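Asks: Dropping the structure in here first, questions after.
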């Protein structure tokens, strides 16, 4: 018996695998696959087929049936009406045909959705319908059908065993079954509107086919690409294969332009780059702008600078019109891909309201205002409706919700809305909408790019993907972070090794010695880097500067603008002309390295109008620098010193104190990881041109999980005069974020002049600052029933009320026990609320704390100018109020 040689078998197999497949239909039929086709009221294309479109044009499970302007689809032997097909996002809105009528007449069963084809959209959920239930029992959200008996609907299966059967239905996530008796009309209405699913068929093979002028199709479940041969005119098809991993990485690393925007990449995309962006972020470049449509709402890119924090979008329909016709209120899913910045708020607009003028005028707060649209009364609310700041106005909000026909929520800039609150008018409202809102970086993409990959999207899993040379990864390419951090050190070691090896007389000695030295050097470096590795991951989105660049931007450190306990601050200028502050840390022993990591890792996680913005950092050996935004007005202590020529009134000081409180509230509650500052004082509060405060200097900060109410510290940190008592003696309680609250209270007292009283009345040499609250409480006791008296002392009643409020808030904040102090979100509420709502806090048991000699490891400083000299007018205000 003879056998075919192995080489022939291999050749035969390859020819069989790659030989073009004959197309089953004619060239004319192939034309139907190329064009979109109309089915009912829908226009569809690949991967659908049906009607005049042949079966090989689409996936075998996606046949559309067209009858009397109705489009339907059969899934697992169940018919679904197709209300809408979005070819751009590959989404369908479906409804079970049997659920379009009476619910009790529907087929009570659950069709199986092929997971390789369909995925339920995240704005919908599945609810379980339990039927043939025990009529003797009581069920939540129940109803009795005439022929099927009692049924109940629930998201849980608490009482499934008492019902004989069950099936599932898809409803919007906002749908909540009634607690007791089911409102059948409510349920039927939700089911008739249908639900959305996303096709998870891989689009990349078809995109590759289209780019080569081929036509996409299917041979069973295998995607194929078909072309008309030039010689015979016949149709040939070949299986489509996805581009290589390195090819995808190369393509997605290339940036693109759209309209007036340049250098765009993930999550945005344009035709031909579908695998390089999120499906919801397809850009339309036709109008001279870069616009995207998410959930039927158009957004325009105003600025998309990946190298800075300036990434702004705005709703297109509100750019030139406060009252656009029929604005949509579908909440966009932007935050699933790009998070809003911390200072973004949801501006809520109410249209066509049938309210009596007495119901809303005058408004109870600056959070509310009138739009002034021509058709009906219209109003706006400048805060997210779920904000605790609006808890006192729920009655007004309920009136607006019930009496207004339309409500629209629009993301907007928090600072712009603050301006609107201060000066409410249509121009400021228009500016707030036209300014747009800021977005944060996509953290997954930042990690991917740093690791050498390119950002993309997996259509099958509907998840982010990082394209790497060796294949796609979930988040980042497989690299050793030690190699990135220490490559300069490695290069130096290798250079020294090579240089020494050239000395012939020491070759034998070096062969024996260098391996040991190399192991020792690498082990020391690795140990040091391992301690920094976790926190360095937080630095990925930041700009890394070399020491030469730092020296160049500061003109060789020419202008000093500030000095601190850990370094000197210089004025600098970036290449784009922006002024920056460059803090160069001292090359000192002790906690210098940890101070640098604390400051950079803490600031890199923040984005808030009252937190100084970190722009980059430098770390070369022992040389470390931090680059952040420059604020011309400098620090707060310059404005509350008696040496200053600029006198701030109480209204300005109140605005600064409120801004600092909001910044601390953000650090404690607004970040993914809670940040405790531990060094709140006037020197660390910077002021911009509008005297808006920004908390700075995070050298002593500590990160902890929000669920942690107690922190473990091995050292004392802070500045004398602002340190919470529990930081020095644990007899007062445990260290927590409430330590910042105490420091804030001391800051408030210094701002309004209360600290000056201590300066005059205290002559002891021990320097303790624990005595100063006692005279405040003594003066409070002199007042009738603990109330503060209204005394005319040459200031306005508004300023007097501000001083009273700040004094009471300060007293609450400096309670000796941390548990008696309010959290910062409560402090903000107290500062924004009315004076009448504030009570005089109970007098704590105050003890003098003697600050003994400090250990070398303690991070505690005593600024010679930290206890500011405050002008006499503010001192007089506080003394009179408390007398």
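Every residue, even glycine, has its Cβ placed from backbone N, Cα and C.
The model shown is predicted, which means the values in this text are computed figures rather than measured ones.
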Asks: In Swiss-Prot, one of 471-491, 492-512, 513-533 is tagged transmembrane segment. Which stretch would that be?
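Replies: My reading of Swiss-Prot: the transmembrane segment range is 492-512.
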Asks: Run through 303, 690 and tell me the one Swiss-Prot describes as N-linked glycosylation site.
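Replies: Going through 303, 690 one by one, Swiss-Prot flags 303 as N-linked glycosylation site.
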Asks: Report which of 183, 633 appears in Swiss-Prot with the annotation N-linked glycosylation site.
Replies: 183
Asks: Please name the residue among the binding-site residues 561, 569 whose C-beta has the most neighbouring C-beta atoms within 10 angstroms.
Replies: 569
Asks: Using DSSP reduced to three states, classify residue 567 (ATP binding site) as helix, strand or coil.
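Replies: Reduced to three states, the DSSP call for residue 567 (ATP binding site) is strand.
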Asks: Given a separation of at least six residues and a C-beta threshold under 8 Å, show me what packs close to residue 567 (ATP binding site) in the same chain.
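Replies: Result: 583, 584, 585, 586.
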